[in-house]
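These come from Swiss-Prot:
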BINDING   83, 182  heme b b562 binding site
BINDING   97, 196  heme b b566 binding site
BINDING   201  ubiquinone binding site
TRANSMEM  33-53  transmembrane segment
TRANSMEM  77-98  transmembrane segment
TRANSMEM  113-133  transmembrane segment
TRANSMEM  178-198  transmembrane segment
TRANSMEM  226-246  transmembrane segment
TRANSMEM  288-308  transmembrane segment
TRANSMEM  320-340  transmembrane segment
TRANSMEM  347-367  transmembrane segment
């Protein structure tokens, strides 16, 4: 008798995606981050759902409702900190996942890669809107500064900003709509994840060598199910340590001050995971130029497949390209550090140099080094 998981219309889809899926045997732990992201999304949706049951999206009561969750709701404090720090874990996994894609040439599967970029934008938008909801000082001023960037768009900019605000400043209407979108977007992200996986399973997974691995496959279950569960347990352990020992480590103390439109904080900055893009934005003195650089710093990922000049897919056997990759990682860490610093000497010039280097590495140095490696290998 045939196993039901192979014949049942619904179970068959699950079986082909999670049980009998052929996976290259050389796939390393860097391929774990997809499942970790799925786990992060599940944690965020669950904790967010319970938080939404107690939260009120009104400027008069939003801050107090978050305080109420932490003080009066059973285990509300752990829900709130799991959700806030879960976002940090989400972005750590997200950036490593993208880094893996760049290092091992996963971007050559262009459909999967492009849906991934769309997912990145959706997650960033969700995180930004979520940061506004506690209605602290940094929530209010972060929302004001970031939405105001759209006013740099010629002709329609000012109208667009007021349309997003629902008035002439960030106020009750803004908070209400941000809560609505923050609740809705994770479900859209979950749907996009399905499309992401659909495209991935059309081509099959890449592997560290970058060489076709059709003759050497292993089934997803039990090998990768065990591997993924171990990864998820390690991530949840790290998240639990963060939540239970230093829940405010990655947050901003200013967000414990209720939003006050009459008092601007000395240093307005986003959460740590946006600091690299914020540093690029600030490094250009012109408003429109800064906004364009900000958008391009993420959108540049879309043209990475076009800049692939190497005859090899992966960087595994390309030491010069590896140097360029790690230089890019160091540059992004520098930008993250600069984004959290005040706008003064020497931080301004360091930020400008790091921003120029970021675009130079991706657009110029990586393709040139790849061509040089081709020449050295006489290809």
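Using N, Cα and C of the backbone, Cβ positions are placed for all residues, glycine too.
Sequence-distant contacts of the transmembrane segment (288-308) (same chain, six or more residues past either end, CB-CB distance under 8 Å): 98, 102, 105, 107-108, 110, 113-114, 117, 120-121, 124, 149-150, 152-154, 276-278, 280-282, 355, 358-359, 362-363, 366-367, 370. Rounded to a whole number, the distance between the Cα atoms of residue 182 (heme b b562 binding site) and residue 97 (heme b b566 binding site) is 23 Å. Between the alpha carbons (Cα) of residue 182 (heme b b562 binding site) and residue 196 (heme b b566 binding site) lies a span of roughly 21 Å. Long-range contacts of the transmembrane segment (226-246) within the same chain: residues 29, 32-33, 35-36, 39-40, 43, 78, 81-82, 85-86, 88-89, 93, each at least 6 residues beyond the stretch ends and with a Cβ under 8 Å from a Cβ of the stretch.
Looking at which of 33-53, 113-133, 178-198, 347-367 has the most CB pairs under 8 Å to the transmembrane segment (320-340), the answer is the stretch 347-367.
Most Cβ pairs under 8 A with the transmembrane segment (77-98) among the ranges 33-53, 113-133, 178-198, 347-367 are made by 33-53. Each residue contributes its Cα atom, and for residue 196 (heme b b566 binding site) and residue 83 (heme b b562 binding site) those atoms are 24 Å apart. Away from its own ends, the transmembrane segment (347-367) comes close to residues 279-280, 282-284, 293, 296-297, 300, 304, 307-309, 321, 324-325, 327-328, 331-332, 334-335, 338-339, 341 of its chain (Cβ-Cβ under 8 Å, at least six residues beyond either end). Within its own chain, the transmembrane segment (33-53) has Cβ neighbours under 8 Å at 69, 76, 79-80, 82-83, 86-87, 89-90, 93-94, 96-97, 100, 182-183, 186-187, 189-190, 193, 228, 231-232, 235-236, 239, counting only residues six or more beyond its boundaries.
Long-range Cβ neighbours of the residue listed as 'ubiquinone binding site' (same chain, at least 6 residues apart, Cβ-Cβ under 8 Å): 16, 17, 21.
Other C-beta atoms found within 10 angstroms of the C-beta of residue 196 (heme b b566 binding site) number 21, with every protein chain shown included. Non-local neighbourhood of residue 83 (heme b b562 binding site): 44, 47, 48, 51, each in the same chain, at least six residues away, with C-beta under 8 Å from its C-beta.
Here the Cβ of residue 182 (heme b b562 binding site) has 21 other Cβ atoms within 10 Å, regardless of which shown protein chain they belong to.
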